[in-house]
């Protein structure tokens, strides 16, 4: 089944909903481009229609498009080879760049679209930001940069471009889009159901369309009760989740099951990819892999940009999409296998993340998404050494775990010595903990011993002294435990202060 966000993508700017001022400013930029030759930045939250507007504008102007998105590597060399060639040289139609506003040259231009311009960084995109800045200054073709956060872009790039903000799409603008899709698909609807979908997506038009498609899969109507408004309270196991997606549940139900599993979307996608062949018929597999390919694109964007809001689109495809590819429910028992391409480093990552989650009192997903990247950053290549030792001791990491977190070689003397020192630190802390636990008993015994030569009065003064010592020891131990419990209360920050 076709992805509705693509099937109903606006073909002209007049069809772009919810951002009339931005749409008009964008059209003005295009019509006057020959006068200013400036690139433009379309910025705003994911799913508000920035990329769709760029393609719609190209249709309106009769321009061809060249697109480089966040799942592509965007080094200086790549940008020059793809976008630079299109921007500086002849168009595919054979016309020279830089023609006048009148005549056929304008219609034969190419619109260069660079997605996620605010997330070009690191070795993966080495030199990309400076190459784009140079490109927009010298371009002979119109360039559109797409960004979520305008101020995450380099200042030089901001200064060299115009900017147009696309705001979150209001629920009252989303509902008509959903209504039009229902009518074109022959789906009867309750207005309250569409309003609930629109409100739940909080300005994300793309997400609302995905939710509508999931909720109506295999149906010819949608009512309020068909729209699930919240996540399930009870965590779902991995194998029940696979049953839900591959055998039992509707697209909407499978999507909610995905939200209830304590795993990240990239791991869930790997499990689905590895097991779908064992459950689906050939025709179903073909449809399922179309959705899995879309999920991989979104996961690529997450890896390239570290923008985890894109995870929801990967989940939409890997869960709801794959479930929608199935013809009815399936019975029987299936031996689900771990992904065959799960490398030793993946296994190490699972073990490390599991230990972090257990020690910190947070979920596996939080440990993988928030705590692990922090640890990797502050202990890169085992520096500073003292902090790395403390981290390894806090999370009970062996040499393989230390090497994985720090990005160092497992067989190096550096990692081995850190593992030894971490073990020594753990033992030292265990001794200190044991001494604290028995300190009260020792104090009580000392006090009782000291009172042997004294006359105990009727009120039991000596015994009271012993009781005071016992109470003091207990208070110290309980205070430590209470602090540990407080660290675990905040799932998002659990574990980060354990050793810093």
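Backbone N, Cα and C atoms are what each Cβ position is placed from, and that goes for glycine too.
Other Cβ atoms within 10 Å of the Cβ of residue 49 (ATP binding site) number 24 in total over all chains. What Swiss-Prot records for 44, 45, 46, 47, 48, 49, 50, 51 is ATP binding site, and it gives sequence analysis as the kind of evidence.
Under the heading region 'Disordered', Swiss-Prot lists 443-500.
Annotation comment: Swiss-Prot describes 455-466 as compositional bias 'Low complexity'.
The compositional bias 'Acidic residues' annotation in Swiss-Prot covers 467-492.
Between the candidate binding-site residues, 44, 46, 47, the densest Cβ environment within 10 Å is the one around 47. Highest Cβ count within 10 Å among the binding-site residues 45, 51: 51.
Listed in chain order, the residues near the ATP site other than 44, 45, 46, 47, 48, 49, 50, 51 are 148, 166, 204, 205, 206, each with its Cβ within 8 Å of the site Cβ centroid.
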